[in-house]
Amino acid sequence: MFSRPSLCGTVGKLCRCGTSATGKTAVAAATVPTARHYHEVVGDIICPSQVRGIDHIRDPRLNKGLAFTLEERQTLGIHGLQPARFKTQEEQLQLCKIAVNRYTEPLNKYLYLSDLYDRNERLFFRFLSENIEDLMPIVYTPTVGLACQRFGLIYRRPHGLFITYNDRGHIFDVMKNWPEPNVRAICVTDGERILGLGDLGACGMGIPVGKLALYTALAGIKPHQCLPIVVDVGTNNIDLLEDPLYVGLRQKRVVGREYDDFIDEFMEAVVQRYGQNTLIQFEDFGNHNAFRFLDKYRNTYCTFNDDIQGTASVAVAGLYASKRITGKSFKDYTFLFAGAGEAAIGIADLTVKAMVQDGVPIEEAYNRIYMVDIDGLLTKSRKVGNLDGHKIHYAKDINPMSDLAEIVSTIKPSVLIGASAAAGIFTPEILRTMADNNERPVVFALSNPTSKAECTAEDAYKHTDARVIFSSGSPFPPVQIGEKTFYPGQGNNAYIFPGVGLGVICTGTHHIPDEMFLIAAQELANFVEPSDIERGSLYPPLSSIRNVSMNIAVGVTKCAYDRGLASTYPEPQDKRKWLENQLYNFNYESSMPASWVWPRMPYIKTREESPLIAAIK
């Protein structure tokens, strides 16, 4: 039996020592495999003595493709490993554009981008950030939904952590395996309600991966500070359980006390590993868990739920912008929500706060919002369905109704918001009724992916004589009505969560109040130009999201310090400049170690050397 070999220093390839059973030291032959294939960079401070030349090609954080200069190639010892051509990052971006456009299927474009991320991190994020209008539908909705459905087939390499129910009692040990020591933002899902696709279990990893990619591309948050996580507690999707390609736990979902204890342990492990101010973004949890966890953790952890608060913020931003078209204030609006899940409740709750801020008494604000779930209008006297949780605030003391067309005709809402994942429920009849009752009806079909939208943009414009103020949760193509072309805006959460995340991370915010999401909504609405409204959009172009994110981050930063929630001191005076100094650099940097010149030492005459006298003769 041989003892475990030890690496001498960090150059295991050159010196691998072990002690044989006979007690003699043996030097491994050149054929002994090296202990590590390349140095994986962590953080954003590189120790040159730990990185070999070949690492600059193999590690996606260091790789620059053909952008390495001749001096870099020769000094790093990689000259000859690449062809003679030198390409700037700008030339590489053009090649990326050509390459991704060669594919006609969105999923193939998704796979190309995933491969680019795996081999050249800076090029990937610059490509994404500078082409966000074209690539957002690929890395995020709707294509990310298809990627999740095919996850077992397309899985290549880890981009995040999978923490299973079988790891209970050892979640911290699993988290220690993630190599990054300075994670500041975590996006976590249990995969129970992925977009409008339902329970996808461990295949939901595509969602936190996509969300955190947008943290970097749209807000400049450093990628090493982001960690996607799936807490795998099983799935109730029979098709997945029987699918030989499924990669998660092959069991029914854990529920009840055991599930809650598991999530509690996860939250504690995050704090133990990365600190109390680590941002934990909950994503695509089931409706029955989303509000429970938000209420449970919001005052003890730095956390928010994007499906509730992010969706609410972007929708309320659209409502703020709509007032510039209708000429009305919130107190003149009557709201009807089709859907009473986490998205609808979140939008309604933030709308109440917006109305109160505009001077509407809180009871009146609640009274102006009506809500429909699968069992019909929320009323105090209905015999079916439940009014649990936050639903009770929106139950009205009127006769129950179950038909949406009848409800729209009776309530006469000025704003109709869909968050139901029920495709096509905004029928031509309902849209015509909205147009009959309002000069400029406001209709938001927010469910995604596109196949789950309550109506299409074309239907909305067509059946309201093009008078509708329309927004959707997924992208729709332009709509031609008569001689005018409308470009419907997408109420995408990506306008909100990257900027909120940047402000929260940089300030070390303890807890995230709803006020921050109202600030984000106002900052987004302020960014909408008259030209955006004229073309039919309540939102600025996606290409402007980076500027929107910075404005939101500045607002969130001010709020954090004003409310005493920040832990980063001293408080910066120029908050925008302070935030900009912390952003990720998308451009290539020199691969050469820093060098500098020492001044010549002054001449000092030294005394003569005297030989040492041996102590032992």
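Even glycines carry a Cβ here, placed using N, Cα and C.
Listed features, source TrEMBL:
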{"type": "ACT_SITE", "residues": "Tyr140", "note": "active site, proton donor"}
{"type": "ACT_SITE", "residues": "Lys211", "note": "active site, proton acceptor"}
{"type": "BINDING", "residues": "Arg193, Asn448, Asn492", "note": "(S)-malate binding site"}
{"type": "BINDING", "residues": "Glu283, Asp284, Asp307", "note": "divalent metal cation binding site"}
{"type": "DOMAIN", "residues": "117-298", "note": "domain 'Malic enzyme N-terminal'"}
{"type": "DOMAIN", "residues": "308-561", "note": "domain 'Malic enzyme NAD-binding'"}
The mean pLDDT across the domain 'Malic enzyme N-terminal' (117-298) is 96
Residues sitting within 8 A of the centre of the Glu283, Asp284, Asp307 CB atoms (divalent metal cation site), not counting those, run Thr189, Arg193, Ile194, Ile207, Phe282, Phe285, Ala290, Asn305, Asp306
One finds that other Cβ atoms within 10 Å of the Cβ of Asn492 ((S)-malate binding site) number exactly 26
Of Tyr140, Lys211, Asn448, Asn492, the recorded positions lying within 10 angstroms (C-alpha) of Asp284 (divalent metal cation binding site) are none
Span of the recorded (S)-malate site, as the biggest CA-CA distance among Arg193, Asn448, Asn492 in Å, is 18
Taking only the CA atoms, the spacing between Asn492 ((S)-malate binding site) and Glu283 (divalent metal cation binding site), expressed in whole angstrom, is 15
The number of other Cβ atoms within 10 Å of the Cβ of Asn448 ((S)-malate binding site), counted over all protein chains shown, is 25
Binding-site residues Arg193, Glu283, Asp307 vs Lys211 (active site, proton acceptor), shortest C-alpha separation belongs to Glu283
Candidates Arg193, Glu283, Asp307, Asn448 (binding-site residues); nearest Cα to the residue listed as 'active site, proton donor' turns out to be Asn448
When each of the recorded positions Arg193, Lys211 is scored by other CB atoms within 10 A, the minimum falls on Arg193
Long-range Cβ list for Glu283 (divalent metal cation binding site), cut-off under 8 Å, min separation 6+ in sequence, same chain only, gives Cys187, Val188, Thr189, Ile207, Pro208, Lys211, Asn305, Asp306, Asp307
